[in-house]
Amino acid sequence: MILKLLENKRLTIGLLVVFMLIYPFLVGNSNYFMTLFVITCIYAITSMSLNLLIGYGGQISVGHAGFLTVGGYSVAILSSTVGLPFFLALPLAGIMTGSIGLLIGLPAVRLKGHFLAVATLGFGLSIPQIVLNWDGLTGGYSGLAVTKPLMFGSDFSLFYVFVVITVIITWLIQNIVKSSLGRAFIAIRDSEVAAQAIGINISFYKTTMFVISSFFTGIAGGIYGYWVGFVSPNDFIITNSFLVLAMIVVGGLASIPGSIIGAVLFSVIPHFTDSYIGITNIVIGIAVVLIILFKPDGIVSLFKMNKQKLVKPAGKGELLVQGGEKENANI
Amino acid sequence: MQIIVSGLIFGCIYGLAALGLVLIYKTTDLVNFAQGEMAMVTTFVSFTFLSQFEMGYTTSFLLALLFAAVFGAIVHQGIMKRLQSAPPLNQLVVTLGLFMVFNGLAGLIWGHKPAGYPQAIKGDSIKMGSVFFTPNEIFVMGITLTLMLIFFVIFRYTKVGLAMRASAQDIKASQLMGIKVTNVFTATWAVGAILGGVAGMMTAPITFLDTHMMFDVLIMAFAAAVLGGFLSLPGAVVGGLIIGVFENLIAFYLSPELKLVYTFLLIIIVLYIRPQGIFGGTQSVKKV
Amino acid sequence: MMRRIKLLLLPLLIFSLCLMAACGNGTAKKGSTGSQGTQGVTDNEILIGHLGPQTGPYAVYDYFRKGIDSHFKYVNENGGVNGKKLKLVAYDDQYQPSRTVKNATRILQEDKVFAMIGNVCTPCNTAARNTFEKSGIPMVMVSSGAEEFVNPPIKNYFGSSILNYRVETRVFLDYAANELKAKKIAVVYQNDDYGKEGLTALQENIDKYEGATLVDEIPYVAGETDMSSQAQHLDQADPDAIIVLGGPNPAANLKKEMYKIGLKDVPYIVSSVGANDRNQFKLAGDDIWEGTISAATFPMPDVSDDPSMKQYVERFKKDYPNDPIDGFAQSGWAIAEVMVEALKRTEQGGKDLTWENFYDAMHTFDNWDGSIFEGVTFTKDNHYGLTTMILTEAKDGKILPISDQIKFDPASGEITYED
């Protein structure tokens, strides 16, 4: 019934807009629920970016939380140390994170599967250590304060700004996927040889993927910095990277709504479990296992009314295994 | 010199943990992120035998390994079997989920206070030249090399090994040839869990026994396995040794705070030069 | 395009439904929501909040919560505070500031607790400080010895449940230079708040001791399990005394490594966080841990004749039969005692339980020894709380006091020994 209603596009978009607008009032202007929503937005952006890389591009990254940290610190340094205004600092944070993404992306072009996983894992593990030790720039263990933008006096208006940014990013990523860029990514994911044969420059596109993905994740990190007003090395660690990875698989690979569903699910679970001692991770873990066992294409497959539209996720052997390598395996 | 020796000891621990990872990967095509937590649970079980039932070290050790085998088999039969033909990323994320579940449950059951865990062989350190060894360290090195050799031989020269290699290559063809692939996989998981358990019980005296003791070890083991090419058992051990020694050299001469960063930098450089890892075979282009 | 957007809506709808459900629960449960500064108190209940890691690599700090919980249960069974029962609201932040800030607003504005007690983790406390400081909610003894929460004093932050890192390290330096006559002092520190605060104190004060020098400053990363290179550095520096600023596991591990390479007789001084636990004998080995010197805010349970400590041992064993009595649970119990005393003092003379009155009550603590702590002191200018300590030494499986009360005066920075 509800699903039928949702077929009506205008109605649903209207609902969406209304929901976003009245959300703060729905929750009684509660700072906690607004924070929960913003954190969900941050994870939604991160998981969409990661999905762009993994789901559409077939490139694995297990260190995406590192980009969140870089984004957060960029905002902190740009706003507090340099003194840039909000509308400059946030995109710049994205660009700075994007350039780090470029650094990671360049060697990553040569790596695949587990080898890429280890390289990005190393990145995700190293960032907190580097931040901790680069006292002069990052303030070390004591973290950095972020100057909140003056033009949005209250958290209330800041909330709307971040919601708008999230919507814009969603729209952008959606368009990237449908553009020639996105089609090139998918072509590379499905077969590098075939992609090359039709004239796609593989190294270029692979690096671009990393840059785009880290750019958006950096902005998400920036949003975190601005919302909380403080960043520290422990904010986003390797377990957060794992969680984002779980979000996209559970939500649905190569699916933008899937990424958002995953992000929402894993951001909301702690709300219900945090007051019971020590079960949050168990619940999340069980959810991951059960959902993948019973809905291997992610939660989003539940809603696939017009399934032909969704790009199918990569099949076995495409994502992580270096095909054809086994024959020459050294034991 | 002492620095290098200490590095070798840690290298053995990483290598030992990596053996289980590689074994499972070679056969079932899957990176098991829950490996470390399964090892941790096994170690806690052995500790329960040791402290609550006051059994001897050897008895507890063997009983814990028995437990590990059953545990590994159950995880495969109960969960991983259903994912045999799912995309690798799905399998990987499921093991991440299991990781969280095992870690959380262990915390609820055994608490979070670190406990001292006995060494396999007691005794004060012995001085050889300018280098100090403890008997336990020699034992750890010995057990790592022995296990590596045993599995190397099994894999290459026995029928079981052949079945494992065949299942890894092509599930359908192996089934047609009369190999019970699922059984082979279950057995691999059991053996992988045993290897993990051994690694856990060797790690616990050094890192102390608590619920997150295997986390760093597993990450380093994963890095070691990849450095070694991920398909090669000796490669895993050699990778572990390289990482262990390099880590300690960096910690001593450069910066103990950034040793992890430098270690991964080294791995990335090595992989950039040899994308298939040190012991990996020649890389072939993915089929169209 | 349109279809896609439609798909986007579903998660949002789910989310909103979840939230509405959550809000429903929330509003139903909410207690009194009176004027500013009286939240969380009803005629028969006082809500107290606590944030800390209950899972993850730092879950060992959950013992603070268990200690607090145990004491609250004890108080409730004995009539509560002036007839009101204490209720502890606690959330898991896994030692991650990004989770803490979320829970901080939740506990403050949704649960509306009256006061916070013993929040764990320095960076988490820093991240949440903005929220808590602005609100004015009383923050009783955060579980961080960092300087920023006590000096300069913040109106609503009262002390720490563990010794201030800088004060403690200064006492160690004093002891090493004056009592042990050490000239060459080496320090091994964890490269985060635990270690670096103390390191700063050492560097600032070493010149005050004639002939004493810091021969080596060796860092390690939190959670490090391989201390062999640190031991090697110590071997080369050949110090007269070693000060270790860090947690229990690295302290035990380092001493094991030193023992292995023959460094057996150098005085080994470890910060209270890393040493006040008989479990250390099990981690490092009985012989190895022997002789370790540390500081404490109270004697260990087995050598203490404090009635509070007896109560604690008895009660905690009942509430948590499987957990060891050593370690952070004692501190949790102790800060809960301070909280209860402060609540009682607030209501003395028929005053209302408001935040302002609570602050005033906190300021009446003058070396109060009614808790496990040796002494608790708060004045308008001194928010350290724990400025009274003793030195301890590990001997025959016990951790014994080796000094009388040592007092630190925050105003003058002087350390006085009582005989």
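All residue numbers here begin at 1 and follow the chain in the order shown.
Cβ coordinates are placed from backbone N, Cα and C, and glycine is handled just like the others.
What TrEMBL says about a protein is an automatic prediction, not a curated fact.
Look at TrEMBL and you will find B:6-25 (among others) tagged as transmembrane segment.
Here TrEMBL flags B:61-80 (among others) as transmembrane segment.
The transmembrane segment annotation in TrEMBL covers B:92-110 (among others).
Per TrEMBL, the feature transmembrane segment maps to B:138-157 (among others).
Feature annotation from TrEMBL assigns transmembrane segment to B:178-199 (among others).
What TrEMBL records for B:219-246 (among others) is transmembrane segment. Outside the transmembrane segment (B:219-246), and at least 6 residues removed from its termini, the chain residues within Cβ reach (under 8 Å) are 4, 7-19, 21-23, 25-26, 31, 35-36, 144-145, 148, 151-152, 155, 199, 262-264, 266-267, 270-271, 276-281.
Residues or ranges marked as transmembrane segment by TrEMBL: B:258-275 (among others). Panel annotation: around the transmembrane segment (B:258-275), residues 223, 226-227, 243, 246-247, 250-251, 283 of the same chain, lying at least six beyond its termini, place a Cβ under 8 Å from a Cβ of the stretch.
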| field | Intrachain residues whose Cβ lies under 8 Å of the transmembrane segment (B:92-110), provided they are six or more past its termini | value | 30-38, 40-41, 44, 75, 79-80, 83, 211-212
| query | Other than its close neighbours in sequence, what residues sit by the transmembrane segment (B:178-199), given a CB gap under 8 Å and a spacing of at least six beyond its ends? | reply | 13, 16-17, 19-21, 23-24, 27-28, 32, 35-36, 38-39, 42-43, 46, 64-65, 67-73, 75-77, 80-81, 84, 143, 147, 151, 160, 163-164, 166-167, 171, 214, 217, 221
| Other than its close neighbours in sequence, what residues sit by the transmembrane segment (B:61-80), given a CB gap under 8 Å and a spacing of at least six beyond its ends? | 28, 30, 34, 38-39, 41-43, 45-46, 49, 55, 91, 94-95, 98, 120, 185-194, 196-198, 201
